[in-house]
Amino acid sequence: MTDTPDIIYTKVDEAPELARASLEPIIRAFAGKAGISVETRDISVAGRILALFPDYLTEEQRVSDDLAWLGELVKTPSANVIKLPNISASMPQLTAAIKELQAKGYAIPDYPYEPKTDAEKEARARYDAVKGSAVNPVLREGNSDRRAAKPVKQYAMANPHRMGDWSKDSKTRVASMDGNDFFANEKSATITAAQAGGAKIVFTAEDGSETVLKSGLKYLEGEVVDATFMSAKALEAFIRKEIAAVEPGVLFSVHLKATMMKVSDPILFGHFVKVYLEDFIAKHGAELKAMGWNPNSGLGDLESKIKGNAAFEADYKAVMDAQPPMYMVNSDKGITNLHVPSDVIIDASMPALIRAGGKGWGPDGKEADTVCCIPDNCYAGVYDETIEYFKEHGKLDVTTCGSVSNVGLMAQKAEEYGSHPTTFEIAAKGKVEIVLDSGEVLHSHAVEAGDIWRSSTAKKAPILDWIALGVARYKATGSAAFWLDANRAHDAELIKYVEPALKEAGVEIPIMAPREATRFTLETMVKGQDCVTITGNVLRDYLTDLFPILELGTSAKMLSIVKLMQGGGMFETGAGGTAPKHVQQVLEESHLRWDSLGEFCALGESFSFLSESKGNAAGAIMGKAIDVATQKVLDNDDSPKGRVGQNDNRTSHYHFARYWAEAVAAQTEDKALAEAFAPIAKALAENEEKILAEIHAAEGSPADLGGYYLPDEAKVASVMRPSATLNGIIG
Ligand SMILES: NC(=O)C1=CN([C@@H]2O[C@H](COP(=O)(O)OP(=O)(O)OC[C@H]3O[C@@H](n4cnc5c(N)ncnc54)[C@H](OP(=O)(O)O)[C@@H]3O)[C@@H](O)[C@H]2O)C=CC1
Ligand SMILES: O=C(O)CCC(=O)C(=O)O
Ligand SMILES: [Mg+2]
């Protein structure tokens, strides 16, 4: 990795990509003046697809495999990456991207749903490497430290967002299985020196015939290896029971993470679709299958397949009407909770519902109490306890509550979020075993057809790094807990690492099961005290949306630092996603309400890190100036708002650029740098009215981006950089 640029900025999709088109030219120009190089690497869905199919493309169409390059970079000390949220593509998103690329003249194959030939199998494997959460696990070679920067928290306390009221007799609740789920069936072991080495996963049918589900596994000494499964029969019985138990006026909903848990959760989602539509499928199952419909793809796909078939449509409507009303993703557009698996994103949906006072949106466009099915018990208790807490105490007072930050075990594909290659839908009754090269059976489970079996692991070095990071953040914050359940197999293995490490560090941090830790954290924060949640990978994801969405109104403003294990740094923006709704608004009226505060925070950290890691003095000055600018954007309320004519993403970038330039011009450590920025600061200030007028003039009518997954660069630039005056000053 010679000649690595000082800072890498990632090109992504949807709203953060539009924001990049406006912000990155400013960053590049300013950094250039300080002798700091900034380059872009493409991790968009389209970019990732094209990188994997060079043999289908012309010479001019070929692109480099930037994700692979970045995957190597993050394993080196010279990594300094600003990572914006990227799409974890569901099937509907992946197929839409393929279609768009084909229409634009890229001769890539269709997605082979049922690959038969070797070429189809090969193409399928390539596409599956793009599907779901395919970027984050590759780049996250470090553990996660997510918190709100001080000014961000202070702003939220002074400008409280809207919170729904909680009523003591709210019928909103979490429903989970009685057992036979991933939680109950989990087995876990820490690999000894004698056990370290190769392993395979073997399915043995009742007749004794063996199928190797996965070979070539390698376990290191100290690695925690889990195996578990969820019974399909028990899952369907649970869903049936919960649908029947929904009281009148209450909505039915399911909350999973089909993007991140890309193998298991679309299957779980499919079971919900199957049971909800049981009568319809019983009547038309064979024809639906012939139409190529699979419950895992959801009601959206079903509706498009039966469109125009009056008999089917009538039966479908009758069945839908007979079931309890569903919680909606978009009630205006008739998009239900069971339409598209990628819309079922628990870390976004549950906090939004809790922030609203336990209310979801129903098909009638009105808010209502909601039964929230979270089938597995590993983490459901967190949401259940939060809901119970607010029922008892009423809504959170965001003007006084403390700040909840997170240290998450994430490095090297830790835990469930690294389990895609070792998750299987079981074909028949039998047993699944992890067999070590020595012949020793590490874990064994009796399973039935349809059960979802999976194995997750966490390596020793990341575990120790995570504990150390947790201790450091605890010392800086004053209150913390390890969210580990001594009664869960995996957590019990981790506790064996945590207890001695805490003793050695001489600190006492409580270890609590997730439900208990939820209450502890809520009680600490309502007292106005800050608190660190030290968690595994899944709770890292869930809690860094839950608490920020309650405290700050959104997780977009989080500072998200990944201290890479090999010494580099990755600075993620926010804790949420790519806000597809924001793109819709741009297409309709050229107003982008995406808030780049996450990018500003990450940028400041990245420049400061440059000074620490490479002794780059200009980096330190630029980083400090960014912090000043970020504070000013908040103080002056320059952040984007929702409507045309108000501040938007582009006007916020103008203000940020101006404050940044002013802060560099005002500092006295580096005279030459101050002089270089003085005229820029002056020009930006003098032209404020003109620049803002040019940006606002471009609003109110539809925008043409020339595509969705592969937009036209020039068109995006003209939408996102409409001020000739600003562009001239930035140069
Ligand atoms: N780190 C990563 O790489 C992540 C990627 N994703 C991916 O993102 C996509 C969309 O996920 P989804 O669950 O809809 O979640 P999002 O976080 O994209 O959107 C949920 C809502 O949060 C608000 N929001 C999010 N970011 C911002 C921001 N910067 N400024 C203002 N508001 C913001 C918006 O609310 P409003 O509409 O009210 O303005 C938005 O509609 C998926 O493809 C998913 O895979 C998801 C999570 C993390
Ligand atoms: O990679 C993904 O799919 C989502 C990541 C995510 O939600 C997070 O890290 O908070
Ligand atoms: Mg998340």
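From the backbone N, Cα and C atoms, a Cβ is placed for every residue, glycine too.
In TrEMBL this protein carries:
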BINDING   S133, A134, V135, N136, P137, V138, L139, R140  substrate binding site
BINDING   R146, R540  D-threo-isocitrate binding site
BINDING   D347, D541, D545  Mg(2+) binding site
SITE      K257  site 'Critical for catalysis'
SITE      Y417  site 'Critical for catalysis'
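Contacts of R140 (substrate binding site) defined by a Cβ separation under 8 A and a same-chain sequence distance of 6+ are given as V74, M410, A411, K413, V562, M570, in order along the sequence. Listed in sequence order, the binding-site residues among V135, P137, D541 whose CB lies under 6 angstroms from an atom of ligand 1 come out as none at all. Taken in sequence order, the recorded positions A134, N136, P137, R140, Y417 that lie near ligand 2, meaning a CB under 6 Å from one of its atoms, are N136. Among the binding-site residues S133, P137, L139, R146, R540, not one has its Cβ under 6 Å from an atom of ligand 3. If you measure from the Cα atom of S133 (substrate binding site) to that of D347 (Mg(2+) binding site), you get 14 Å. Shown are the binding-site residues V135, V138; the one with the most C-beta atoms within 10 angstroms of its own C-beta is V135. Around L139 (substrate binding site), the C-beta neighbours below 8 angstroms that are at least 6 residues distant in the chain are L67, L70, G71, V74, V81, K83, V562, M570.
Of the candidate binding-site residues, P137, R146, R540, the one lying closest to Y417 (site 'Critical for catalysis') when CA atoms are compared is P137. A134 (substrate binding site) carries neither a helix nor a strand DSSP state and counts as coil. Sequence-ordered, the extra residues of this chain that approach the Mg(2+) site, with Cβ no more than 8 Å from the Cβ center of D347, D541, D545, are K257, I345, I346, A348, P351, Y542, L543, T544, L546, S555, A575, G576. Rounded to a whole number, the distance between the Cα atoms of D545 (Mg(2+) binding site) and A134 (substrate binding site) is 20 Å. Checked against V138 (substrate binding site), the binding-site residues R146, D347, D541 differ in C-alpha distance, with D541 being the nearest. When the binding-site residues V135, N136, P137, D347, D545 are screened for a C-alpha within 10 angstroms of the C-alpha of K257 (site 'Critical for catalysis'), the residues that qualify, in sequence order, are D347. The distance from the Cα of P137 (substrate binding site) to the Cα of D541 (Mg(2+) binding site) comes to 13 Å. All protein chains included, K257 (site 'Critical for catalysis') registers 26 other Cβ atoms within 10 Å of its own Cβ.
The CA atom of D347 (Mg(2+) binding site) is located 10 Å away from the CA atom of R540 (D-threo-isocitrate binding site). Secondary structure from DSSP puts R140 (substrate binding site) in coil.
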